[in-house]
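Participant: A single structure is presented below for examination.
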């Protein structure tokens with residue numbers, strides 16, 4: 001018994017005794033997030049900065065202050081936590097990307113995205129693993145197992161979808177955005193299969209049967225992850241459409257959408273599927289069906305809530321990576337071999353550049369080969385931009401590196417510590433340097449001849465989009481475009497020249513005939529004026 | 001090194017090995033939350049149910065299923081976690097209450113709220129502590145220290161603000177809602193001081209100096225907590241008003257409001273203040289200033305986002321309490337003394353009833369004594385309703401009981417286990433039985449003579465409130481009422497009959513002259529059409 005009322009104090013004054021560090025660090029982190037958002041707004045018009053670089057620098061600055069304040073003892077306030085990252089920070093970012101993505105663009109480039117995401121990631125993985133194995137021996141980096149080199153390949157092949165969202169603009173370069181971001185989503189599914197396969201199979205005996213099994217695994221994982229996302233998305237649409245008939249409750253609708261989108265991610269993780277792929281698909285389905293079944297107010301709220309949660313999570317990640325970069329413990333361990341560390345970092349950066357080039361250019365040519373229309377082919381400038389925009393490595397690489405080379409955040413072995421500092425160096429360098437230059441590169445390569453980047457969205461934007469002012473944020477105008485497409489029946493010429501348009505036409509027919517009557521969606525959600533307030537803005 | 005790629009797997013497929021329990025339970029909890037929200041919607045028209053009771057029963061049902069599935073080993077999926085409750089679940093609920101509260105009503109009854117919250121909680125605390133000490137000896141409950149009895153007093157004096165929000169309707173009974181809920185907020189501040197005082201002072205030597213110091217502590221804590229909340233609220237208004245001049249970004253505005261409201265709570269916890277009081281005041285200030293400085297879309301989004309987060313947190317708490325009630329470990333320990341446990345629970349329930357009656361009725365008479373106008377006095381029926389509506393004990397009591405009588409969720413001593421099961425019994429009984437009856441009691445006592453409950457809001461609701469359909473949710477219409485009050489200059493008669501009106505009049509003058517020009521607010525936020533979409537709904 002002993003402590004008596006004293007222990008009761010612990011919860012109310014909470015946190016004075018045991019948990020003080022946690023309240024401290026939450027306070028600091030929330031303050032820094034506020035600062036990042038304000039600074040991000042102030043620097044919005046600045047051509048050189050973007051939000052992630054701003055958060056990185058804020059994190060670095062805070063790290064320096066903590067270092068000075070603790071007299072060199074520590075630069076960070078808590079250890080990198082994979083659970084925090086994968087369970088709480090990543091889902092809102094990927095869901096929001098699916099929710100706000102231009103669906104037409106995404107599905108039109110489906111094959112190219114699959115090529116880049118699945119085959120491309122494999123190529124990059126093997127080049128980086130093999131390159132590191134050969135070149136690290138010349139650097140005398142210490143002893144690494146074969147599994148470590150494969151892990152290095154995986155760490156540095158992991159495209160950072162979050163960075164992509166920041167440097168490419170969906171409205172300016174819709175084609176490139178959908179290709180690079182879509183590749184990132186498929187990349188995740190590939191990685192899960194890759195790791196599962198490497199875990200299960202004997203690495204010494206790689207034969208065709210193993211490769212076939214690997215490919216089979218990939219497709220079954222890809223399909224089940226997709227189906228789970230679609231299923232939960234449709235379920236949310238159905239529940240809201242059926243149960244809410246006659247009266248609406250904005251808060252409950254919003255809560256259901258938030259909870260069910262998260263449910264899709266966490267269920268995928270539970271079943272060892274690709275949560276990123278599942279939640280992305282769930283976002284797409286929800287924006288296509290569920291979003292049209294809710295009240296006007298719920299639409300505005302969900303659209304901005306998802307974007308806001310994503311913004312906070314992104315800022316949090318970059319802030320943390322910046323703060324962690326100065327972790328003194330690891331730098332002390334590698335201080336004796338600083339030259340080696342710099343050498344290894346440059347080497348890995350070079351391998352990242354080569355590994356990506358090795359699949360972007362050949363696969364683009366392959367993809368172009370299957371495209372009939374000249375306007376849908378990727379020209380060289382676009383290929384360079386795709387190559388460049390996917391070079392950034394971010395929090396996913398960090399999480400992988402910590403998991404492979406550090407046990408619960410601490411590194412004892414110099415070789416392992418070097419790998420952690422190398423990863424940090426590559427992440428910082430690629431995010432800051434490549435990130436800073438991407439905007440300019442895009443402008444330089446694509447916008448002098450203003451039409452290359454917008455080749456695909458050839459239909460004129462419908463003037464109708466102005467009649468939905470509150471909601472017209474790309475999503476509606478796109479849907480109206482789609483309707484615009486429908487009004488023209490597919491001619492024989494169109495079928496020959498643009499096969500994807502034809503697939504799209506039949507999908508819309510099926511959607512209108514079978515899906516929308518059941519699951520709701522644009523034009524199919526019964527309008528029920530639940531309260532007098534609902535009707536007045538229509 | 002060892003594990004190699006195996007460890008990398010852990011994060012991607014995350015969760016297969018170490019964290020499986022956590023992903024399991026998150027999945028189950030999110031599914032249950034979805035179910036609760038859907039069921040809550042379906043049962044909305046049911047006169048007997050409310051959302052909290054529904055969540056409690058869902059939790060109980062799931063507990064039974066888990067019990068059967070694990071063959072009696074366990075009924076819950078994770079242990080009661082005070083940090084989860086106080087750091088993550090409570091802030092959104094209290095902030096939302098402050099954000100949506102009818103401010104006029106709240107401040108008009110400020111003195112009564114302070115009386116009930118501060119003096120009343122003290123009276124209830126002493127009656128329950130003393131009653132338990134005397135009566136437990138006759139029951140032979142085992143050995144308890146004096147500190148334990150004081151803790152029992154604190155546990156069962158903790159009004160559950162969350163329950164209050166559920167059973168009383170702000171629109172139907174604004175006066176009672178503001179009194180009971182306001183009392184709950186002040187109750188928290190009192191508790192913090194009470195525990196701090198009990199911790200520091202020697203309990204054997206209570207003299208007038210100690211009591212004076214105690215009262216001094218209370219006021220300094222009350223004032224600093226209030227100031228911190230107001231300060232952060234005003235800061236958010238100022239930042240958004242100044243920095244966002246000329247161009248708006250809905251997502252950043254929403255993110256800033258969410259982050260700064262949370263910052264107020266966590267800072268208060270850091271400084272050992274009352275986080276509940278701080279975040280409540282921050283909510284009030286934000287709804288008065290900040291909310292008017294943001295875009296239309298941000299207003300809709302924040303209003304519903306805060307309500308949604310609060311709904312999810314409330315559902316989560318009740319779901320958990322229901323699930324935890326069946327924890328087999330504790331029931332096994334008390335199974336030998338089931339009679340004693342039932343006896344102690346009934347006793348505590350009776351003490352709760354008496355303790356609350358002992359301050360509501362005398363203090364209501366005292367409060368009436370100082371009120372000039374007959375219409376502002378609390379009649380007997382209203383007093384009974386206030387007494388009844390504040391009887392529920394909820395998650396706060398549970399958290400306190402766990403902290404006092406269980407170490408990290410487990411109870412070894414039979415005496416301690418009995419106290420935990422007693423708390424659960426009291427919480428379940430008060431929430432279900434009192435909660436079920438409150439709606440009916442309110443209807444029975446107050447609505448036959450339809451005017452008693454709405455005595456204070458005597459001004460006719462302005463017809464203007466219909467011109468703001470998207471936002472008219474009580475908050476605007478109230479502000480318009482306030483403007484209505486201003487148009488009439490205060491006469492001598494009014495000053496005598498309604499002193500609070502006069503205070504309100506001068507506050508409005510000060511607000512319009514000094515506060516609003518700096519911090520924005522209704523009518524003082526520059527309208528800047530950041531994008532063509534902004535202007536169109538006005």
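Glycine is no exception: its Cβ is also placed from the backbone N, Cα and C atoms.
Marked as transmembrane segment by TrEMBL: A:25-43, A:55-73, A:85-101, A:113-136, A:218-240, A:274-292, A:304-323, A:343-366, A:386-405, A:417-437. What TrEMBL records for A:44-443 is domain 'Cation/H+ exchanger transmembrane'.
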Participant: Compare A:25-43, A:304-323, A:417-437 by their Cβ pairs under 8 Å to the transmembrane segment (A:343-366) and return the stretch that comes out on top.
Facilitator: A:417-437
Participant: In the same chain, which residue numbers or ranges, 6 or more beyond the ends of the transmembrane segment (A:417-437), come under 8 angstroms Cβ to Cβ?
Facilitator: 48-50, 52-53, 56, 141-142, 152, 155-156, 160, 163, 166-167, 318, 321-322, 324-325, 330-331, 333-334, 337, 340-342, 344-345, 348-349, 352, 388, 391-395, 397-398, 401-402, 404-406, 411
Participant: Ranking A:25-43, A:218-240, A:274-292, A:304-323, A:386-405 by Cβ pairs under 8 Å to the transmembrane segment (A:85-101), which is first?
Facilitator: A:274-292
Participant: Can you tell me which recorded stretch out of A:55-73, A:218-240, A:304-323, A:386-405 has the most Cβ pairs within less than 8 Å of the transmembrane segment (A:25-43)?
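Facilitator: Comparing A:55-73, A:218-240, A:304-323, A:386-405: A:304-323 has the most Cβ pairs near the transmembrane segment (A:25-43).
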